[in-house]
Amino acid sequence: MTAQNIDGTLISQTVRSEVAARVKARVAAGLRAPGLAVVLVGEDPASQVYVGSKRRACEEVGFVSKSFDLPASTSEEELLALIDELNNDAEIDGILVQLPLPAGIDSTHVLESIHPEKDVDGFHPYNVGRLAQRIPKLRSCTPKGIITLLERYNIALRGKHAVIVGASNIVGRPMTLELLLAGCTTTTCHRFTKDLEGHVRQADVLVVAVGKPNFIPGEWVKEGAIVVDVGINRLESGKLIGDVEYNKARERASFITPVPGGVGPMTVASLIENTMLACEQYHTK
């Protein structure tokens, strides 16, 4: 068996086109375009790249993108004051604070200060709690994007055993909640998990998000499994690879996300969808 690649680049473009059409219809009806505020603190090169891609995506679909680039010396109080201002700005539907934040700033405190109805990253405890209660609104972008990918490929999830490797607040934990909501039986593995191989070998759906190149050997993948590789690791050669040994895993899986071009593009597409949703459901007067 050779797995079919799940094309995140293609699906993300489709999602963006759908959102662009909704924006066009709003503006034609005399309503304002959705607004996203993107806050970057400091000059971390990777963060600058990510923020740039998010801003471009916003502009492509017709959003109003407002940029706030703050120096690394910014205090937590100054950042919280800006967020408070944006929370009260009627033309801003979403607030995105790029992580990581410089040392000395409590990221949990900052993320919790964003109004839940403008939390388009889906990190606020209120929004994670809604997902846990099976009434999601603004969902964490990467897990939401993964579910969108699987849905667009008509991959049925109900009744499958899903194994999530990695338990971060950004991917692993909300991914577990998403797959529970989709009707999977879920196992979440982390640094204290015993017999990781045994768990992985049982997975009908395998989601790996640990940030370690080729962490999961391809031979561990169950025949016919659906493999979602969230990892993006740059080797010294400059090549990007995932957390799963792709070539060997592809020989055993039925579907697999490549790196790059799999999950990555969907994170930004989900951010765009969330901003549209926030505008339509919460802020349209």
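Heads up, residue numbers simply count up from 1 along the chain you see.
Cβ from N, Cα, C; glycine included.
Pulled from Swiss-Prot, these are the features on record:
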type	residues	note
BINDING	Gly166, Ala167, Ser168, Ile232	NADP(+) binding site
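Shown here: features listed in Swiss-Prot, placed on the structure.
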{"residue": "Gly166", "record": "NADP(+) binding site", "Cβ within 10 Å": "24"}
{"residue": "Ala167", "record": "NADP(+) binding site", "Cβ within 10 Å": "18"}
{"residue": "Ser168", "record": "NADP(+) binding site", "Cβ within 10 Å": "15"}
{"residue": "Ile232", "record": "NADP(+) binding site", "Cβ within 10 Å": "16"}
Whole number in angstrom, please: the longest C-alpha to C-alpha distance across Gly166, Ala167, Ser168, Ile232 for NADP(+).
-> 16
